[in-house]
Amino acid sequence: MYKKLYLIGILLLGLISGLTFNLIFFTVPYQLSEAKYTTDIVGSISLAAFPYCLKVIWSPFIDKYSIPFLGVKFGHRRGWALVSQIFLILTMMWFLKRSPCNNLCITAIILFIIAFCSSTQDIVLDAYRIERTTSKKELSIAFTFSSIGFRLGMLLGSVGALYSSIIFGWNTVYKFALFITMVGPIVILCIKEPELKTKRNTTNNLIDLQQYFEVIKKSIISFKNEQKYLLLIILFVFLYKAADSIPMAMSIPLFLDLSFTTHEIAVIYKAYGLLIMIVGGTLGGILAAKIGIFHSVLIGGVIQLLSPIMFMILATIGYDIKTFIITITIQNFCSGFAGTIISIYFASLCNSEFVATQYSISSSFSSLSRIILASLGGICAKHLTWPVFFLCNTLFSMLFIPIFYIYRKKLHFINYSKKI
């Protein structure tokens, strides 16, 4: 039992990841929407999260190079985790000194730095989960704990943010986020470094640019050799996430347009919705462990299509609490369910030599889908009615199905009929 306590640490670090993620994709966009900024501006602010899909550029350092002193004192993974946490806390302190609505350019820069620090932490956490687990089943459990923590972080950063903004103002919201983030270094110091069967080949010396690109090259070549249809995997992941990314990005502008109140959004969409998302994420992890990756990914992708369909129905009906609750239930369950499953799929694509880099490549595809589609969604929503917008979203998202069936073996679903 004691050996499994690291899962609590994974859950807490996932919570911090969810909190900082929510800052970019919900808290600041909500504040901008409340200040009557248009959907294209609200959608464009998500571009500040671009580091989430560029993690592969610096993940080789995290795989192969150890932080001086910290790497020796606390271990390779924990040393990197401490550095990312410290810089994340410092950037959050900077963010506290400014109002996001006053200068969008400065806001975007600060959010970009926060995204960089948070994505670096995610690289370390992803690698830690993979290296710390000893079986495929335990890997599924670890990803489930991380997913639950991530959703709890989103819950704190949404419901807590909305109610704090009403009672105390937005500055208190960001103080709350900073306080939660400060727990990160304590958690890192409490968990143990993964014990590897083979000695990790790392160094704490600075490397020149040629060596740096050589590490990236080896990582990508290694990944490419194992995944000969890498571009196909990229396309598949891009389409797979479309049914979740676009409704999530445009949800707040839609709800405010339909005259839902801050209280209704906080209680139904964020509090109730994120609890449903946790349930979905938990069931997704259990399903992947029971029936295997192939069938789990298919089921997750199909039920995920219900999200834009329900948003289209809600937009057509207008303000209606019952329809709103049904929409939130379906959207959040599907998001949690499919999100956990696709994370396990990413982990199955990695080998042991370049775990952090290869997982970063995989997860970057998902982040790229979310960020680009959120930005383009904001532009399209400005020129289309909400029902037409979500109808187009549904049709576009369905394209993953023929790719899945036609190229299922090339998408690394080898022995896909077997359990993981």
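Note: Cβ is positioned from N, Cα and C throughout, glycine not excepted.
Copied from Swiss-Prot, the annotated features are:
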| type | residues | note |
| --- | --- | --- |
| TRANSMEM | 6-26 | transmembrane segment |
| TRANSMEM | 41-61 | transmembrane segment |
| TRANSMEM | 79-99 | transmembrane segment |
| TRANSMEM | 104-124 | transmembrane segment |
| TRANSMEM | 141-161 | transmembrane segment |
| TRANSMEM | 166-186 | transmembrane segment |
| TRANSMEM | 230-250 | transmembrane segment |
| TRANSMEM | 274-294 | transmembrane segment |
| TRANSMEM | 297-317 | transmembrane segment |
| TRANSMEM | 324-344 | transmembrane segment |
| TRANSMEM | 359-381 | transmembrane segment |
| TRANSMEM | 386-406 | transmembrane segment |
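Below 8 angstroms of C-beta separation, residues 12-13, 15-16, 19-20, 23, 27, 31, 81-82, 85-86, 88-89, 92-93, 95-96, 99-100, 121, 153, 156-157, 160, 262 of the same chain, each at least six residues beyond the ends of the transmembrane segment (166-186), sit close to that stretch. If you look at the transmembrane segment (104-124), the same-chain residues 6 or more away from its ends with a CB under 8 A from one of its CBs are 13, 16-17, 20-21, 23-24, 28, 41, 45, 47-52, 54-55, 58-59, 62, 77, 80-81, 83-85, 87-88, 91-92, 94-95, 98, 184, 356, 359-360, 363, 367. Contacts between the transmembrane segment (230-250) and the transmembrane segment (79-99): absent, as fewer than 3 C-beta pairs lie under 8 angstroms at sequence separation of six or more.
Here the transmembrane segment (6-26) has long-range neighbours at 45-46, 48-49, 81, 85, 88, 111, 114-115, 117-118, 121-122, 125, 128-129, 132, 141-142, 145-158, 161, 174, 177, 180-181, 183-184, 187-188, 190-192, 248-249, 252, 270, 374, meaning same-chain residues at least 6 beyond its ends whose C-beta is under 8 angstroms from one of its own.
Across the candidate stretches 41-61, 141-161, 297-317, the maximum count of CB pairs under 8 A to the transmembrane segment (386-406) is reached by 297-317. Most Cβ pairs under 8 A with the transmembrane segment (141-161) among the ranges 41-61, 79-99, 297-317, 324-344 are made by 324-344. Looking at 41-61, 79-99, 324-344, 359-381, the range that has the most CB pairs within less than 8 A of the transmembrane segment (274-294) turns out to be 324-344.
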